[in-house]
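Peer 1: Following this message is one structure expressed as structure tokens.
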Amino acid sequence: MAPARARLLACLSALTLIASASSPVAAGERITDNLEILWGQTQLLNGDETIALSLDRAMGAGFRSKTSYLFARIDIDIKLVPKNSAGTVTTVYLISEKQWKTHDEIDLEFLGNVTGQPYTLHTNIFANGVGGREVQFRLWFDPTEDFHTYSIVWSSDQILILVDGMAVRQFKNHWAAGVAFPVYQPMRFYGVLWDADDWATEGGRVKTDWSQAPFVAYFRNFRVQQGCASSGFSWACGQDPFGGDWFDGGVGVDDVKQQQQQLREARSKYMIYDYCTDSVRFPDGFPKECGLA
Ligand SMILES: *[C@@H]1O[C@H](CO)[C@@H](O)[C@H](O)[C@H]1NC(C)=O
């Protein structure tokens, strides 16, 4: 670890500079300072603090970050489509934008449901073009009544997904054991509301009720702490990306013990699907990372 620490220290001054340039969004700042509208029916509300995305039969809507990031912690507050949201999917994700075949991606997808039935938080992680790492949760609150904070922490050691500050999913860097991990491609942040009634709700049995359209989801308080300038590779800031230890300080991973406790609690109370235990899907053995601590 000593060499990694040394490299970390060598990079710290650069990180400090970047961190001070990307401090959390102050109240009243415009969400469009960091995000740009991509397509569809969108509205800026509350003095441009909030983006509303609409979905109707014709199309969904989306935004993305103006820049891409190489390691980052991203927090965003979302208020999901209320009442009968079956068939709709509200999603936020990070994705690399070069070769699709080798792309990296971190997904949070909120699968709508009929009135009174719970949303599903569907998560997935692609590394070097390989995904199929679905883990799903039930939220422990009504995500349509108010804004809640959803976070992606992407460091070179691990990916963490948090809900209102509680770690629900962890994907560790097991590169040394031969499992790909996103370490060299910058990723851009996207938020999209779309229709997926062919699969989203109860496996596609429940269809979107277009008489309820337009469906609207709200996003605000986008915050990003980025690890590295987006251009080029991680070693552009003096780091080799396989050294470990990089960018793990100051990104909400302050208390590892508490985080492990949160992950256990999320698994036991809120998780409803884990690809690593789906023996029907993997009759010949689970993906390698499933067996690694
Ligand atoms: C919708 O509600 C049903 C019934 O409670 C549940 O089985 C299902 O998992 C929920 N979510 C989705 C996305 O279908």
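Just so you know, glycine gets a Cβ as well, placed from its N, Cα and C.
Pasting the relevant annotations from TrEMBL:
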SIGNAL    1-21  signal peptide
DOMAIN    16-219  domain 'GH16'
ACT_SITE  GLU105  active site, nucleophile
ACT_SITE  GLU109  active site, proton donor
CARBOHYD  ASN113  N-linked glycosylation site
Peer 1: Could you tell me which of the recorded positions GLU105, GLU109, ASN113 have their C-beta within a distance under 6 angstroms of some atom of ligand 1?
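Peer 2: The recorded positions passing the 6 Å Cβ test are ASN113.
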Peer 1: Within a 10 Å radius of its Cβ, which of these active-site residues (GLU105, GLU109) has the fewest neighbouring Cβ atoms?
Peer 2: GLU105
Peer 1: Return the average pLDDT for the domain 'GH16' (16-219) as a whole number.
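Peer 2: Computed over the domain 'GH16' (16-219), the mean pLDDT is 92 on the 0 to 100 scale.
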Peer 1: To the nearest whole angstrom, state the Cα distance for the pair the residue listed as 'N-linked glycosylation site' and GLU105 (active site, nucleophile).
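Peer 2: With the alpha carbons as reference points, the distance is 25 Å.
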Peer 1: Hey, does DSSP put the residue listed as 'N-linked glycosylation site' in a helix, a strand, or just coil?
Peer 2: coil
Peer 1: Taking the Cβ of the residue listed as 'N-linked glycosylation site' as the centre, how many other Cβ atoms fall within a 10 Å radius?
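Peer 2: That number is 21.
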